[in-house]
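Quick notes on the structure that follows.
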Amino acid sequence: MASTTSPVQSLITNSRFSSLYLSTKKVFLPSCQLLKNRFSPSSRSSCLAFSSLADKKEDWVPMGMLSAKPLTFTGWNQNMRRRCQVEFPVASAAAADADADGLETEISEGHAKPSKSFAERFPALVTGFFFFMWYFLNVIFNILNKKVYNYFPYPYFVSVIHLVVGVAYCLVSWSVGLPKRAPIDKELLILLTPVAFCHALGHVTSNVSFAAVAVSFTHTIKALEPFFNAAASQFVLGHQIPLSLWLSLAPVVIGVSMASLTELSFNWTGFISAMISNVAFTYRSIYSKKAMTGMDSTNVYAYISIIALFFCLPPAIFIEGPQLMQYGFRDAIAKVGLIKFLSDLFWIGMFYHLYNQLATNTLERVAPLTHAVGNVLKRVFVIGFSIVVFGNKISTQTGIGTAIAIAGVAIYSLIKANMEEQKRKAALSAAS
């Protein structure tokens, strides 16, 4: 810290050059490996001030202090020729401290500023990368997941694998401190258990639908999720839903109905399972709001995945266990081989966890309106790519109904996001 008498004459105790006094004009150092040894303690004591102007004490200032004059060194024998002069400006004490800690600094008008990270310099580029990876992982998951169901139609067991791989990923991340594990107590466990149950139910029923019908049709049905959210908010939580929101949901209902009536892969198992997943994820949202904590989203999602795994295990064991032991595993290995079978299960679990985590991280970086639009576009990407990859034939009415449903979801998302933004601004203005 600088003294109150004169900041120019005070000593910077934290600087690596704190024991070296220099002339503001020129300083001549003997070639004694002083700088080469980076001012080791043994060399500091023997190499103090060297100058022919020793009698002018007022010109002596400790290096690291703010000064407009350059300092000149001679005899730097590490990267330059002997006896050449090297000049560099003296920065503030903050620069010396930052350099001592191994941090990069930017010198501007006598002040040391920490250099900005890549994310700080290019925030739009980083956000775009998050969206790209969110879409990419989601599309890859849906395609690979459906390919697995084509030769291994056991959605309860596959749902467990999704969570097992995700939980293993979380445990490894905690072990290396990325992120640091947040502690959980009994009260928080009680709050997260309903959320995890709804998450498990929605996850399993979604996979049952994926296994039973075309991926595009399942996502068309899941476009009804905003309708269930609005209904639960109105009739369960008692929140008044504006008429504009209800009207925006009409195209969603109409579009899904049109698509369902002429869907070539339609069956009641796939349809009902997708509808149950909509209800389950709606109640997951409700319980999530009640279980709001100060814990970061990454740790919350990790704990939800761990708890949900315990809910998914019993149905997988009792419903599909006997079939898997008799011929399920044997048939899958006979079709694709053991290595591919295991690698497919691993990668669908990894993609499932990562795309869900990236969706949460993306939401934290952008406004709700941007995320809502991105979520609608994500569903369009998944439906489009699944049709192209699997060559699913769809009728004209199914295509029109899907487009109407997606348009309705987009309108609903825009209206809902604008309402949330107005509430946030009103709360901020009231607080100020």
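Keep in mind that glycine also has a Cβ here, set from the backbone N, Cα and C atoms.
TrEMBL: automatically predicted annotations, no manual curation.
Among the features that TrEMBL reports, transmembrane segment is placed at 122-144, 156-176, 188-204, 243-262, 268-287, 299-318, 338-355, 376-392, 398-415. Per TrEMBL, the feature domain 'Sugar phosphate transporter' maps to 126-413.
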Any contact between the transmembrane segment (299-318) and the transmembrane segment (122-144), i.e. 3 or more CB pairs below 8 Å with pairs at least 6 residues apart? no
The answer for the transmembrane segment (398-415), taking Cβ pairs under 8 Å and residues 6+ beyond its ends, is 216-217, 220, 223-224, 226, 242, 244-245, 248-264, 369, 372-373, 375-376, 379-380, 383
Out of 122-144, 188-204, 338-355, which stretch touches the transmembrane segment (156-176) the most, going by CB pairs under 8 Å? 338-355
Looking only at residues six or more beyond either end of the transmembrane segment (188-204), which have a C-beta under 8 A from one in the stretch? 155-156, 159, 162-163, 276-278, 280-281, 283-284, 287-288, 290-291, 293, 295, 300, 303-309, 311-312, 315
Report the mean pLDDT of the predicted model across the domain 'Sugar phosphate transporter' (126-413), rounded to a whole number. 88
